[in-house]
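Novice: Copying in the features that Swiss-Prot gives for the protein in this structure:
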ACT_SITE  498  active site, proton donor/acceptor
BINDING   158-164, 228-234, 241-244, 291-297  FAD binding site
BINDING   437  substrate binding site
DOMAIN    126-307  domain 'FAD-binding PCMH-type'
REGION    572-593  region 'Disordered'
SITE      342  site 'Important for enzyme activity'
């Protein structure tokens, strides 16, 4: 079993970046080369940042932008709001090591891992850290914690792996009077039961991705949920954010994997029934995607998959993203569903090759011979080509049959197979994007992501419109920047569009541009019938659009459900939903207060939060 299951994970991973302490993309000053976490040089990355991101001519050197030290950041922590009677009673039911009031524990439980989070913590812009970190060992501990929190009106913020990128784990800064505790679930990482005949297993939800599969592999099973955050995120986090993994085409999204759960709410424990199919109202659906706003999920029954006999991942090139999209849509209509099918637009394709450490593959892509073949023989525009990675898992017969059908479709659209090397490289590097983001952040760049889910009718139009809106924001601000997109997670009716964007960082005003990008993109995505997020969760980043997305009646129904389970609003306030109405408050006054207490347009903007406190 991974040692992180018997020690406290937050003491081993970075407080100001992604992953374990000491693991990062380094910069070799002598050779002027970024060095990947695998020790290999990323020979084309700086050229990409110069040509595609900044679009500058002449000599180009990156500049390190070191953040605060841990000691300096700790000095910036506001003093805690400690409700002593709550702490005293908590000490009677939990052991000493489960209650952390120290500064480092507080520092490591403030933020998630998006650009805005890390930009602020690296600069000591800390508005509302938790006042204590509590580490339950089991479900019963969670019940005791919640009962006391309800009794003493203490705010509870669930914390899994801390990998959230929409503000889901950050305490609400408008909680200036109530004590806020962060519940770190990672001690709860055990598999409690497995039913190999039915194909189910019961886990505590603080279990990390690798530890789920390590425990299941002893029985010849796996879960099949493989998000980018896999190594550091938890089952509870996946449930809370309505997560999706890279292999969702075959194994499903998290809501397809959860069969039952235990939830500790302020008014009692909810246990959803375990059966082959729900009847009536599906209570599981009420808690998946709820981000701790209704209570604390402690245990979950998940469906499990046999370890595949065969795994084959390979790369293809198409003349354009539009052609690749039509090809994969054709596959979907024909019922051809590979485990993974990721289509990169022309910009994301260039980033994929530029960030690679596979010298053979990259050299081939950038070689004159290859370019001549693409331009002369294939008749393609090199600047428009689209990389596609597909994966097949299952029995040998299943994968061969599925691949044969897919090859027929792809070749009909003129695609060129690159073999298994790109697929294997993607498998090895698929968790690396956050390290690239951290490298950018440490060298005067900013980088982040957003995503949506759209119908096929709207997908290409939405892709074009989002990229156009990004270019317009940059032009309005006199900045150069880059945006790329890939699509994955294909469904019968639509797919996910996942955008990555990078720009040069000058000063704190760049965060205002960052927010302009997100606002403009959100408007465009909603205009094209996109949703607020495919798998990142609502957090506080998407709360401003929840009423528009759900409708007034829909949002009111969700808020009344929360009120029934959480009458004092102690469960992760400020996330998922606007602030609840107060007694005797007029609708107009409620709307005005909700706007004042929206975190989206205030966090990290100098003076914005203070003006509304």
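A Cβ is built for glycine as well, from the same backbone N, Cα and C atoms used for every other residue.
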Novice: Going along the chain, which residues at least six beyond the ends of the region 'Disordered' (572-593) come within the CB cut-off of under 8 Å?
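Specialist: Distant Cβ neighbours of the region 'Disordered' (572-593) are 155-158, 167-168, 172, 174-175, 290-293, 538-540, 543, 546-547, 555, 558-559, 562-563, 599.
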Novice: Residue counts in helix (H, G, I), strand (E, B) and coil for the region 'Disordered' (572-593), per DSSP?
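Specialist: Helix (H, G, I), strand (E, B), coil: 7 helix, 0 strand, 15 coil.
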Novice: Of the binding-site residues 158, 162, 229, 233, 437, which sits closest to residue 342 (site 'Important for enzyme activity') by Cα distance?
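Specialist: Checking each of 158, 162, 229, 233, 437 against residue 342 (site 'Important for enzyme activity'), the shortest Cα distance is to 229.
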Novice: Reported as an integer number of Å, what is the Cα distance between residue 229 (FAD binding site) and the residue listed as 'active site, proton donor/acceptor'?
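Specialist: Computed Cα spacing between residue 229 (FAD binding site) and the residue listed as 'active site, proton donor/acceptor' is 15 Å.
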Novice: Mind telling me which of the binding-site residues 229, 233 has the densest Cβ neighbourhood, counting other Cβ atoms within 10 Å?
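Specialist: The most densely surrounded of these binding-site residues is 229.
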Novice: For residue 293 (FAD binding site), what is the secondary structure state per DSSP, taken as helix, strand or coil?
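Specialist: Coil, per DSSP.
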Novice: Using a 10 Å cut-off, grab the number of neighbouring Cβ atoms around the Cβ of residue 162 (FAD binding site), all chains included.
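Specialist: Within a 10 Å radius of the Cβ of residue 162 (FAD binding site) lie 26 other Cβ atoms.
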Novice: Quick one: of the binding-site residues 158, 233, 293, 297, 437, which has its CA closest to the CA of the residue listed as 'active site, proton donor/acceptor'?
Specialist: 437
Novice: Using C-alpha atoms only, work out the spacing between residue 297 (FAD binding site) and the residue listed as 'substrate binding site' and round it to an integer in Å.
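Specialist: Counting only the Cα atoms, the answer is 30 Å.
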Novice: Other than its own, how many Cβ atoms are within 10 Å of the Cβ belonging to residue 243 (FAD binding site)?
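Specialist: Taking all protein chains shown, residue 243 (FAD binding site) has 24 Cβ neighbours within 10 Å.
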Novice: Cα distance, residue 437 (substrate binding site) to residue 233 (FAD binding site), nearest Å?
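Specialist: Rounded to a whole number, the Cα-Cα distance is 17 Å.
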